[in-house]
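> As annotated by TrEMBL, transmembrane segment applies to B:40-60, B:67-87, B:102-125, B:182-202, B:214-232, B:239-256, B:297-322, B:334-355, B:361-381, B:423-443, B:455-476.
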Amino acid sequence: MAGFDLSGLTASFGGERVIGPLTLKVKEGDQVALVGKSGAGKSTLIRLIHQRVDGQSSLVPQELGLVNALPVFHNVFMGQLDKHATWYNTITLVRPFKQDRKQVLELLDALRMSEKLWIPTASLSGGQRQRVAIARALYRNAPVLLADEPISALDGPMAHHVMQLLRDRFKTSVIALHDVEMAMKYCNRIVGIQNGQVALDEPTDQLAAADIMSLY
Amino acid sequence: MLSYPTVRTSLIFLAIALVGLLFADIAITANNPWRDLGNFFLGVLTPNFFSSEGLLTALLRTVAFAFVGVTVGGVCGFFLALVYRFLPVRVFCAFIRAIHELFWALIFLQFFGFHPLTGVLAIAIPYSGIFAKVYSEILEEADPEPGRLLPPGTGTIAAFLYTRIPDCWVQLRTYTAYRLECGLRSSAILGFVGLPTLGFYLETSFSQGMYSDAGAMLILFYVLIATIPLWVRPKLLPVYIVGAPFFLGDGLPIVWGNVERFFTEDIVPSPLRDGEGLAGLLPWLNELMIEQALPGIWNTVVLTQIALVATGILTLLAFPLISNHFGGPIRRTSGHIFLVIARSTPEYILAYILLQLWGPSMLPAVVALALHNGGIIGHLIGRQTNTIRLRSDAPKGFNRYSWELVPRIYRSFLAFLFYRWEIIMRETAILGILGIYTLGFYVDSAIQSIRFDQAMVLILITAMLNIGVDILGRYIRRKLALQTMPTC
């Protein structure tokens, strides 16, 4: 599965509909930026897609979902817990195997934080924590990336670096972004959400930044 | 003020306790209580550590029973916590923890005799129930988000080890360490029913009037508890856990015939045993209820309510002793020492000592329960006040106490108090063994005169009473929206 075709996506909170019903078709190779005002329903849509593809995706949620007491290594390694037997995972918890250490270290190197490998995530800064969640998604290596504001806590150069990395590693992705410039630069399709509906859906090269601003 | 539900609840409980006092048997019956008390304190001040080698053996046994009992209880409790969401498991755990360690010991003594297994199970069984409840509460608090993010197909065990355990590890460890301290206290008092721990040594010394020996034992016990952070180290734990079973002593061998007889004959109600059938059972039960259970329940409830309010009053008096908002360092140091001694001494030992000195009545029990529980809650509340930052022009002295601090801590004070309500009742029942007419007295008398069938019914009634108070306590805490921590 690389693309997906979801219809009838709806979500309600306290009896009030916040999303849909809407239909979203994503083909292999689509790198979709979800844009729109905060509260438009982008995060909810990301969660919905995650549920509908039965977790067959690398997810970077806004709240990151890190296990704070565990070091960076284990938080990243969690992306592949399904690939190993229980005994292997249990030993890794106490003493990780060499080949896994190497793989995770390479990923952290790409995210420029290899020196944090054994630091508990609780003691990291906001930006570093965000990169750990991204490393976990990269390590997971699912066919689709679902990311909710993955660069919100990163500074300029690092934000570009991470977006570049995500574009290179995931052929298909849906990324919620509030930064229109970033969306135009690193995604090939823009989906605008307004009041829980798709208000805009165009390839990036046929859009100008001004077209998107009408959503805000 | 009366419009506050917390204040109204407090006043209702105060009124109940005052009415209870009218019916309670509160008196000092000893001929010369103050001389005896003076002799006792003289004994504590002139401890004799070298009167016999029995003291060190008793200390070693106390630690060994605590470690084995708490370890077994902790492991069983952990596995029970994993299935705690199922109602039968919850009921089972509530039942086994509603029966006090000493009652379990009395039961096992009847068929295992003075075998180490008696002491180990007496601690391990109720502790399993307590661990199961608290561990499951702690595990529930873990952040569910990381678990949701795991790739589908991740094994249940791996998911549990990676996303649940690390998140709660600190709380699990803190609570287990706290329980180990409780285990040392439980282990010490098991000596009062004849197991080779400190309680046995204390009772022997006391009955012979050797107050210096008793004082030495108490001092060693405080040192043992106070130095827990020094000698209980994560790296040493495996050594203790593996080594402890070898220091339980030999005791006497188990006679399996006794075990069989206990379950097939001794605990069968006598009318059934004698072939009178159900027709004989009702009068038997009726007599048991009227002559033993009802007076026992009445005295247990009255004493519990008085002790609960006394605990509350003592807490409110004691917490300023360790609060940073009052006085100088000298008062705080002595306050800390007083509270550490009050909460480290098992209420059973306190009650035993006071009973020896003042003679039998409910008074020693009330004072013992209030001192021990007030020490625990006073310590927690005092520490809590140290996190409060007062404005720099806040009033001083009694006005600071009554206007700034008490209103701020009153809710958590009540939460702790209602949390310990059930614990106070459990202890009240057990203090009957010392000769106060609560349920424990009737259980102990039934066992002494080999009426095990009646003893079992009375223990069941005690358990039901505890479960009832636990439910009522939780209801009140929920009604008043009071939050509690399990480590109290």
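Glycine is no exception: its Cβ is also placed from the backbone N, Cα and C atoms.
TrEMBL does not curate its annotations; it predicts them automatically.
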> Apart from its near flanks, which chain residues at least 6 from the ends of the transmembrane segment (B:239-256) lie with a Cβ under 8 angstroms of it?
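Distant contacts of the transmembrane segment (B:239-256): 60-61, 63-65, 67-68, 71, 112-120, 196, 232.
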> Find the member of B:182-202, B:214-232, B:297-322 that has more C-beta pairs under 8 Å to the transmembrane segment (B:40-60) than any other listed stretch.
B:214-232
> Where else in the chain does the transmembrane segment (B:334-355) make close Cβ contacts, counting only residues six or more beyond its ends and a cut-off under 8 Å?
40, 102, 185-186, 188-189, 192, 199, 202-203, 206, 214, 218, 221-222, 225-226, 318, 321-322, 363-365, 367-369, 371-376, 378-379, 382, 427, 430-431, 434-436
> Mind checking which residues reach the transmembrane segment (B:182-202)? Cβ under 8 Å, same chain, six or more beyond either end.
54-55, 57-59, 61-63, 65-67, 69-70, 73, 101-102, 105-106, 109, 114, 118-119, 122-123, 127, 213-214, 217-218, 220-221, 224-225, 249, 251, 344, 346, 348-349, 352, 433
> Looking only at the recorded stretches B:102-125, B:297-322, B:423-443, B:455-476, which one has the largest tally of CB-CB distances under 8 Å to the transmembrane segment (B:67-87)?
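Most contacts with the transmembrane segment (B:67-87): B:102-125.
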> Are there residues at least 6 beyond the ends of the transmembrane segment (B:102-125) whose Cβ is under 8 Å from a Cβ of it, and what are they?
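Non-local partners: 65-66, 68-70, 72-73, 76, 96, 183, 186-187, 189-190, 192-195, 197, 248-255, 258-259, 261-263, 266, 348, 430, 433, 440, 443-444, 447, 452, 455-456, 459, 462.
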